[in-house]
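Asker: Questions regarding the structure given below will be posed in turn.
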Amino acid sequence: GKEIPGQASLVFDVVLLDLHNPKDGITIENQQVPESCERRSQTGDFLRYHYNGTLLDGTLFDSSYSRNRTYDTYVGKGYVIAGMDEGLLGVCTGEKRRIIIPPHLGYGEEGRGKIPGSAVLVFDIHVVDFHNPSDSVSITVNYKPSNCTVLSKKGDYLKYHYNASLLDGTLLDSTHSLGKTYNIVLGSGQVVMGMDMGLQDMCVGERRKVVIPPHLGYGEDGVEGEVPGSAVLVFDIELLELVSGLPEGYMFVWNGEVSPNLFEEIDQNHDGEVLLEEFSEYIQAQVDSGKGKLAPGFDFEKIVKNMFTNQDRDGNGKVTAEEFKLKDQEAKEEHDEL
């Protein structure tokens, strides 16, 4: 045309940005693989990972680090580009790897945002943790006393120390730093479900490691400023004290025979009616003397008020002899009615 004369010698100065072949697959370069790798990711797992995304010439187009939060996704399910979906399979927690993705397994001829069309992509990833929705709690016993006959069960009152961390070792919380134990009634919903499971069948003095997947921990939301969303949690636990609980459904039990004149004993002024104050004083006296036992770990006043309300059938704030029944008697009556 008009710009290039005939018979002209041409000079091109070229910068090669990248190249690929349509037959190319992804390329994986392992940069750091932990010595201990108990499990590798597989299809259906949910991964949390950090990444830097660049072009082949080093141009940065995206980074999870700049947002100060991990990228979280299921793998092998098509939620991310095909090359990343493949590159995230077979990784260990804590692993660092480079994944080089040709455009037909990335963003194709059109590109996306800062990514030009037909670009080869380079992702440097760091796997923070992963789990599978079918995972349960993992328990590893690190120490068990030789005398280990009394095991924790639902309803027991437990006092224990713990260190809580993420799978990468980041410390979240520790009772040791607070200088006091954490105290709960097992199975009462005072801790996340995974911890309720992890403290079962434990004896005093035992130490164990409990790994809790997020669906049994703090879920997708986590705890703002404390626990990241969808995080796998690790608790190192030592059980220091165990107070046996009561049978399920009971808040108070007798340690011996029940008096045949129980209502008369509670009704101290013998007016045929028991008020909350009389009831509370009587229960307190039985506990103090060792004749009765309240469910451990609960507030005394709340338990007694609940017991009194159950006896106060008509809700008038007084319990009569006709209203008053032991729990065993109530159970028998219900059975007879059925």
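Glycine is treated like the rest: Cβ placed from N, Cα and C.
Quantities reported herein were computed from a predicted structural model and do not represent experimental measurements.
Pasting the relevant annotations from TrEMBL:
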DOMAIN    44-131  domain 'PPIase FKBP-type'
DOMAIN    155-243  domain 'PPIase FKBP-type'
DOMAIN    254-289  domain 'EF-hand'
DOMAIN    299-334  domain 'EF-hand'
REGION    311-338  region 'Disordered'
Asker: What parts of the chain pack near the domain 'EF-hand' (254-289), using Cβ distances under 8 Å and only residues at least 6 beyond its ends?
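Answerer: Counting only partners 6 or more residues beyond its ends, the domain 'EF-hand' (254-289) has Cβ contacts under 8 Å with 300-301, 304-305, 307-308, 311, 317-321, 324, 326.
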Asker: Calculate the per-residue pLDDT averaged over the domain 'EF-hand' (299-334) and state the result as an integer.
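Answerer: Summarising the domain 'EF-hand' (299-334) by its mean pLDDT gives 79.
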Asker: Which residue counts does DSSP yield for the domain 'EF-hand' (254-289) in the helix, strand and coil classes, in that order?
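Answerer: The counts are 19 helix, 3 strand, 14 coil.
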